[in-house]
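**Student:** These came from TrEMBL, pasted as-is:
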DOMAIN    40-288  domain 'G-protein coupled receptors family 1 profile'
TRANSMEM  26-51  transmembrane segment
TRANSMEM  58-77  transmembrane segment
TRANSMEM  97-119  transmembrane segment
TRANSMEM  140-158  transmembrane segment
TRANSMEM  196-215  transmembrane segment
TRANSMEM  236-259  transmembrane segment
TRANSMEM  271-290  transmembrane segment
Amino acid sequence: AMGGNHTQPKFILLGITDSPWARAPLFGLFLLIYLVTLAGNVGLMVLVWVAPSLHTPMYFFLTHFSLADICYSTIISPKMLTDLLFGNRTISWAGCVAQFHLFALFVTAECHLLAAMAYDRHVAICHPLLYATVVSPRTCWRLLAWSYLVAFLSALLYSSCTFGASFCGPRQVDHFFCDSSPVLRLACSDTRGSEIAFFALAAANGLGTGVVILLSYGRILRTVLGMRSAPSRSRAFHTCASHLVSVSVFYGTLFFMYLQPASRHGSRDKVASVFYTMVSPMLNPFIYSLRNREVKAALGKCRSRMVNCC
């Protein structure tokens with residue numbers, strides 16, 4: 001089916017806007033978002049690395065979540081920024097496949113990491129005495145390996161569903177990166193089978209991890225409401241609040257994008273895509289650090305250590 005791909009081995013990304021005057025302000029805005037994303041996520045990873053008080057399973061998962069955020073915004077933002085700046089919107093066939101494959105890999109890994117973090121919170125709050133043995137370093141590494149194994153296999157299937165069709169007409173992708181539905185719209189062979197397979201896999205990943213998160217929080221809620229003391233109730237809610245906020249942002253936009261039929265996709269997709277490819281990775285470090293006493297305490301210690309060194 002890929003035989004026709006070599007005649008014109010490039011795609012053209014139509015990007016986020018047609019109007020030339022909007023390109024400079026958008027370039028400035030997205031560059032700022034990307035730099036804040038890098039600074040926030042790298043900063044959080046470094047803080048967890050240098051602060052012994054944050055060497056816990058929750059922060060182990062959080063550093064890997066930050067790493068995935070850095071990776072998938074880097075897969076999309078620099079290309080989008082150069083397109084806005086220079087107006088050269090072409091991307092090679094291989095570049096398009098690689099961009100989509102890596103994007104799908106890191107997004108799927110994030111779904112499974114969020115589920116692992118929900119499980120971690122569930123054990124910490126519902127079974128505190130067993131926490132050290134249940135969520136051991138070995139378990140953490142296994143959950144991380146599982147997240148990436150499932151993500152890698154899923155991304156292979158997503159990519160073959162998306163790029164397995166024949167492309168013989170105009171290669172203009174109506175998007176700012178090589179995403180599945182705008183690419184599939186360009187196929188001149190029947191893509192219904194691919195779309196169904198893609199939808200089923202997205203549903204399995206999204207709903208599967210979503211169910212783990214919902215069940216974990218159902219148990220957490222029951223445990224917290226049963227607590228006698230108000231301080232321990234508020235402490236338990238506090239540890240979960242940041243995770244719940246980032247889950248809501250991430251899953252809300254992902255479900256909007258990938259769990260709707262291809263015919264329903266339209267111009268709103270670009271806005272939703274900007275949200276989870278750029279805004280969400282930028283917000284995550286702030287969601288986790290601003291609401292979090294442990295992170296604030298670790299930051300304070302690092303700051304005073306640096307002041308003493310100087």
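Cβ coordinates are placed from backbone N, Cα and C, and glycine is handled just like the others.
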**Student:** With an 8 Å cut-off on Cβ pairs and a sequence gap of 6 or more, do the transmembrane segment (26-51) and the transmembrane segment (140-158) reach 3 or more such pairs?
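**Tutor:** These two segments do not touch.
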**Student:** Most CB pairs under 8 Å with the transmembrane segment (271-290): which of 58-77, 97-119, 196-215, 236-259?
**Tutor:** 236-259
**Student:** Kindly state the mean pLDDT of the domain 'G-protein coupled receptors family 1 profile' (40-288) in the predicted structure.
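**Tutor:** Mean pLDDT for the domain 'G-protein coupled receptors family 1 profile' (40-288): 87.
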